[in-house]
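What follows is a short report on a single structure.
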Amino acid sequence: MPDLSPAEAAKDAAARAAIALVQDGMRLGLGTGSTAVFMVHRLAERVRAEGLRLRCAATSRATCDLAESLGLRIEELDEIGWLDLTIDGADEIDPDLNLIKGGGGAHLREKITAAASDRMVVVADPTKVVEQLGAFHLPVEVIPFGMQTTRTHIQRLLDSLELSRRPMLLRQRDGQLFRTDEGNVILDLSLEAIPECEALAAGLSAIPGVVEHGLFLGMCDLALIGSPDGRVIEMTAAQVAE
Ligand SMILES: O=C[C@H](O)[C@H](O)[C@H](O)COP(=O)(O)O
């Protein structure tokens, strides 16, 4: 790899540690985002060097394109059926390994993929580790049809849970309405803190028009937190061990 900034070196360290978990014959889910980019590069390196036989599914078009450009063969998740391991990034990680994901708008496919995996491993730099989820905006993917009424339902839910009244933002990218790989749009919720993640997750999931939210509760088995100096801390639920 070319010279890496400290932040990139931390992501790469986490990525290398995660790819060390990959074994010949595995069925893998490949996550999305800037940390996942390092993971895909490191995976491709190992496949080239060791001739690993893997079956890989991607969680986004971007990851699929990158992986294929590096010589990895990507299959549809349904062609593979079930995965041994999914490696993905996260926007926030709490001490119980609950996550906020979807900063890149890929959380729907990421959640489907993680849910179809025996194991989900998150790769991240130390800025992602938090005591409580919610400082990062919570992405909610919604169907464009009836979006304003869906938004009203979400606001009522936030009010009932006494969560922030700061306006939710319809995600834009490069001055255009952001569309997910599924053609939906994203509302980003500014909550500051989410004391009751389960209640919010359940409430959001019950709203017609909400396709998926970025709370990943109880899905992550291990988080690998890289440091710029190459060290990696392993986080398992409610316990941190170096
Ligand atoms: O939608 C994007 C994904 O959930 C990413 O895995 C998440 O946003 C973390 O991305 P990054 O590694 O770029 O911080």
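In case you wondered, yes, glycine gets a Cβ from its N, Cα and C as well.
Values in this document were obtained by computation on a predicted structure and should not be read as measured data.
Features of the protein shown, as given by TrEMBL:
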BINDING   THR32, GLY33, SER34, THR35, ASP88, GLY89, ALA90, ASP91, LYS101, GLY102, GLY103, GLY104, LYS128  substrate binding site
ACT_SITE  GLU110  active site, proton acceptor
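Known features from TrEMBL, placed on the structure.
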residue	record	Cβ neighbours (10 Å)
THR32	substrate binding site	29
SER34	substrate binding site	13
ASP88	substrate binding site	32
ALA90	substrate binding site	29
LYS101	substrate binding site	33
GLY103	substrate binding site	20
GLU110	active site, proton acceptor	32
LYS128	substrate binding site	23
Among THR32, ALA90, GLY103, i.e. the binding-site residues, the one with its Cα nearest that of the residue listed as 'active site, proton acceptor' is THR32
Three-class DSSP assignment, GLU110 (active site, proton acceptor), comes back as helix
Not counting THR32, GLY33, SER34, THR35, ASP88, GLY89, ALA90, ASP91, LYS101, GLY102, GLY103, GLY104, LYS128, residues with a CB within 8 A of the CB centroid of the substrate site are GLY31, ALA36, ALA106, GLU110, ALA124
Largest C-alpha distance in Å for the substrate site residues THR32, GLY33, SER34, THR35, ASP88, GLY89, ALA90, ASP91, LYS101, GLY102, GLY103, GLY104, LYS128, as a whole number, is 15
